[in-house]
Amino acid sequence: FSTMSRERADSQGSLGPDDEVMPYSDDETDDELDPSSDEERLDCLPFLFPESGWRVKANDRAFCNLPEFQKKYFLCLKKSKYAGNGIKTYKYNALTFIPLNLFEQFKRAANLYFLALLILQIIPEITTLPWYTTLVPLVLVLGITAIKDLVDDLARHRMDNEINNRKCEVLLDGRFQVSKWMNIHVGDVVRLKKNDHIPADILLLSSSNPNSLCYVETAELDGETNLKFKMGLKVTDERLQEEGQLAQFDAVIVCEEPNNRLDKFTGTMRWRKDRFPLDLDNMMLRGCRIRNTDECHGLVIFAGADTKIMRNGGKTRFKRTKIDELMNYMVYTIFVILVLLCAGLAIGNTFWYEEVGSKAWYLYDGKDQTASYRGFLSFWGYIIVLNTMVPISLYVSVEVIRLGQSKFINWDLQMYYQEKDTPAKARTTTLNEQLGQIEYIFSDKTGTLTQNIMAFKKCTIAGHTFGDPANPVDFTWNKYADRKFEYLDHSLVACIRSKKDKDTLEFFKLLSLCHTVMVEQKEDELVYQAASPDEGALVTAARNFGFVFLSRTQDTITISEMDQEMTYEMLALLDFNSDRKRMSIILRFPDGRIRLYCKGADTVIYERLSPNSKHKEVTQTALDIFANETLRTLCLCYKDISKQEFDAWAKKHKAASVAMGNREAALDRVYEQIESNLMMIGATAIEDKLQDGVPETIAKLAKADIKIWVLTGDKKGIVSGAARLCGGESLWNIHLYKVPDPFFPEPGRNALIITGGWLNEILYEKKKKRRRLRLKRLGKRPASATPQDAAQPIDDWEKETRQVDFVNMACECEAVICCRVTPKQKANVVSLVKKYKKAVTLSIGDGANDVNMIKTADIGVGISGQEGMQAVMSSDYAFAQFRYLERLLLVHGRWSYIRMCKFLRFFFFKNFAFTLVHFWYSFFSGFSAQVAYEDWFITLYNVMYSSLPVLLVGLLDQDVNDKLSRKFPKLYLPGQQGALFNYKNFFISLFHGIFTSLVIFFIPYGAFLQTMGQNGEAPSDYQSLAVVMASSLIFTVNMQISLETSYWTFVNCFAVLCSIAIYFGIMFDIHSAGIHVIFPSTFTFTGVASNALRQPYLWLTIILTVGITLLPVICIQFLYKTIWPSVADNVRPAEEKSTPFQRGRRSRRSAYAFSHSRGYADLIASGRSIRRRPATSYRVGLV
């Protein structure tokens, strides 16, 4: 590939943002951007005035019930604002289930419509059908939905009861007593033991480990299985170990109100006339579990619904598919057609009564009603008769199909990752067919395209670069070495072991000291628990090069420096966050010196280097080389601090750490003061390899005309390789937001790389609006506008034009890479494409920073990788490897789309063909709203006689098998174009239904005009005509779906035959004399079936009717397959020649989820017949 970087000057000549700097990294919500709340947030009243806000007193339950903590909840009734610890996630109870569930179901327009019909059928002057023809289907639909809701809610009840009745030791009356979780209150002191679940959000007071260290597993909270450590305050660790001491504990905690921020907690403990700062490291959250700690004690701060995990249990954004929206519009269209038909028939009834009905003495009914009034009643009567045009069972059938398709994804063993025992998971059942319509994929890079397993590859120390590939280094000289660690440059090891280069020794000493890694001793092995893979890789590298991190306490760190154990006093730890992009540690050396070690991103480190720092230029050159090799880099530096300087800074740090208002901002300002005039040591370079199959997957998806955008926080140099991976040959670094047409004058495949700073210019983030608004309210004039601010759009039109230009330019590229972007910007980019391209989008990521993007896209996919499970928990689909995305889209997505489209087309057709027979019959019945069929046939048609075959087509049909779906990605294109289900297909189904209804009515009608049976009797009565039309319809509909079926199994064949058999079985039963004797007014077609169907003439009529309805369909299918074949029609012969399934053949796939023997789920999902089929067999394909 040729790489060309073209920089264009801004037409306005304005200065641009720094390409390497993230504009900001907060993930703001709409509430935070609400201008009306700015002044309130600025005041921060609860924090500036400790007497208000959330206050907790230890060992004092009565404190929470004081009048000042009461709040109104109903009229004048009050209760404590502190929630109890019992939780309630269920929706219904025994009293509310029926009314509340019915209320929710009747919110759906279709159910409400059929309820209105049922009411109309009760009115004697209007009704033309018995009430049960509507009641039976409606009750069936409501019942199935209610049963599903009941099962789900019972599961929630069981889960709530299980959790609320868990046991925990609570300090009551001076001693620990066993209590249920639901009986725990805010302010209680609890004792937890190893492997216990944490019952509430608890402030850690002390533990059995040294320095009150406590390990917790947060798998239920965020899905991460690596242990995290929590640490009690030094004062509580020393004074609150015994039961008696805990009983005397009477501190008051003042902290933030309950919220859903899992990554933040701010509070202060007031005890014994002193104040102590509290943060998230002191809190153990509900949903976690105690690990590797024999015993610990804590104080309940938030309970029940106030805990952070419960606050995060809110509703997710509701997503709907394009087919859902189209289906709703089509139902509305059907309703409009229904009203127009009924109005036309009502007008016909009015004229007929004036011309014929009123003049025929034998039609006189004794009612003195005008023709217009009779027409009005006829309108409502036809609304009832033709109500089956609006399909009541459509929504239930669609949900059943989607549930089955979701199960096929869950059962697909080819998407099962054996190394981590992780199957694919469809976390939603409402979006499957949308997987077959994806046009844009937005992907994270680290952990999604790459493995997120970091390996230390290169480094630069004092201007010297190490890491040139050679033979693997032998680390047997180091007894602490990690056997899995590999390094290829012998010169670095030689340099360290010689102990002559002080910079190299200082480099690895920094790596072994400046971190937040925790260490455990397991079977004489050191096991590191790191907050991020990068940090773990750096500490492991230092360990192998002789600087081994051994242990830590609250204020010391012990390491082994080339087999010499050294302990350093930790004076302060300035932790990493996404705004600072660096972390520092201040240590007191054994000789009394005080030194600050710092590591961080080059963009922030270079701003803080001393003018006297050496090796800045050569290190920057090395960093550029590392970035071009797609390596992740960190700069390392240090600073010596005098005792006087540190003492002065420590006072400021202590004041900032106990501040209740804007504590983080206060700490950041203090950190800035000490992190200055740093001296450069060098930089590290870590490799994050691509996952298996990523290049092949991206290439295959590109052939399916799916565009892939990579949205990442990495540097621009690192992501250039990703641009080429996604198909771009020419790289364009965009440094402007106004570009002339055409965007890319040179032909070829282009890749666009844009940084977060320039995205800010394009998106015009709300944060700048909020800052200006705040300054305006405070009466301050904003600082003179920078060129960057001056470039901001002056109105919404210019802003929208800028965004449209960006989207159009980006969509001309084969690949788009957005680097140095924040989580909020990721979501905004997805929103732009959805807004201006009206395209179906998919976002895929593996970390918490991808959650916003995943929720914003039409489809969200989570990778269960190294960064935990936050992305998975917010996703619609989840699996372990990026390469499975190919099968999810090209196989499951495509199949789901084709099946759903075929189901909907046929569902509408069979209802039109069934209902419009009434319309033709009305011309021969004086427009009197007389039905053409028997009442029970109308009741059971959609429920029993025609539902199963079409349902199975929606579940099992395939035009080609899974291998050919992946081999020919062009098969995916019809889904993107929406070609298989749209208004054109809808009207084709409508006209097909009209034609079928015409044939089904007029051929039997013509046959009955001049008819004589074999016994000399004329069977030309209305009831015999109804039986013949009904029988013709059942044969036509079931044979029509047989012609539409592309993939035959025993189940499909059985469903078609069974539907016909059920029809005849039920018909003969309800036409029998026995049931008429029991219910004479309900079953009136006594003996009709047996009398009519024994006439050969009528069987010939049925055969003729079915033949004429099916012949045009067969001809059209033949013409399409021979003259205008689709891509699938051309591909299908390759499938017919493939080797048939052999029952005894060994399979190389995993047998996950099935014990001992394999079931049939994978067989159904893979598209192969259960039975042996001849190689030359022919299958009818999709029209």
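Quick reminder: no glycine exception, Cβ is built from N, Cα and C everywhere.
Per TrEMBL, the features are as follows:
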type: COMPBIAS; residues: 1-10; note: compositional bias 'Basic and acidic residues'
type: DOMAIN; residues: 71-135; note: domain 'P-type ATPase N-terminal'
type: TRANSMEM; residues: 329-353; note: transmembrane segment
type: TRANSMEM; residues: 373-398; note: transmembrane segment
type: BINDING; residues: ASP444, THR446, ASP846, ASP850; note: Mg(2+) binding site
type: TRANSMEM; residues: 903-924; note: transmembrane segment
type: TRANSMEM; residues: 936-956; note: transmembrane segment
type: TRANSMEM; residues: 986-1010; note: transmembrane segment
type: TRANSMEM; residues: 1022-1041; note: transmembrane segment
type: TRANSMEM; residues: 1048-1067; note: transmembrane segment
type: TRANSMEM; residues: 1097-1120; note: transmembrane segment
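Proximity of distant same-chain residues to the transmembrane segment (329-353), defined by a Cβ-Cβ separation under 8 Å and at least 6 residues beyond the stretch ends, is recorded for 109-110, 113, 371-372, 374-376, 378-379, 382-383, 386-387, 389-391, 394, 908, 919, 922-923, 926-929, 983, 986, 990.
All protein chains shown were included, and the count of other CB atoms within 10 Å of the CB of ASP846 (Mg(2+) binding site) stands at 31. Contact counts against the transmembrane segment (1048-1067), taken as Cβ pairs under 8 Å, peak for 936-956 among the stretches 936-956, 986-1010, 1097-1120. Contact between the transmembrane segment (936-956) and the transmembrane segment (1097-1120) is not supported: fewer than 3 Cβ pairs lie under 8 Å, counting only residues 6 or more apart in sequence. Between the transmembrane segment (986-1010) and the transmembrane segment (1097-1120), three or more CB pairs separated by 6 or more residues in sequence fall under 8 Å, so the two stretches touch. Ranking 903-924, 1022-1041, 1097-1120 by CB pairs under 8 A with the transmembrane segment (373-398) puts 903-924 at the top. Helix first, then strand, then coil: DSSP counts for the domain 'P-type ATPase N-terminal' (71-135) stand at 27 helix, 8 strand, 30 coil.
Set side by side, the binding-site residues THR446, ASP850 differ in how many other CB atoms lie within 10 angstroms of their CB, and the most is found at ASP850. Outside the transmembrane segment (903-924) by six or more residues, the chain places 323, 327, 330, 334, 341, 345, 348, 382, 385-386, 388-389, 391, 394, 397-398, 401, 930-933, 941-942, 946, 950-951, 953-954, 980-981, 985-986, 988-990, 992-994, 996-998, 1000-1002, 1005, 1029, 1033, 1036-1037, 1040-1041, 1044 with a CB less than 8 A from a CB of the stretch.
Summarising model confidence by region, the domain 'P-type ATPase N-terminal' (71-135) averages a pLDDT of 82.
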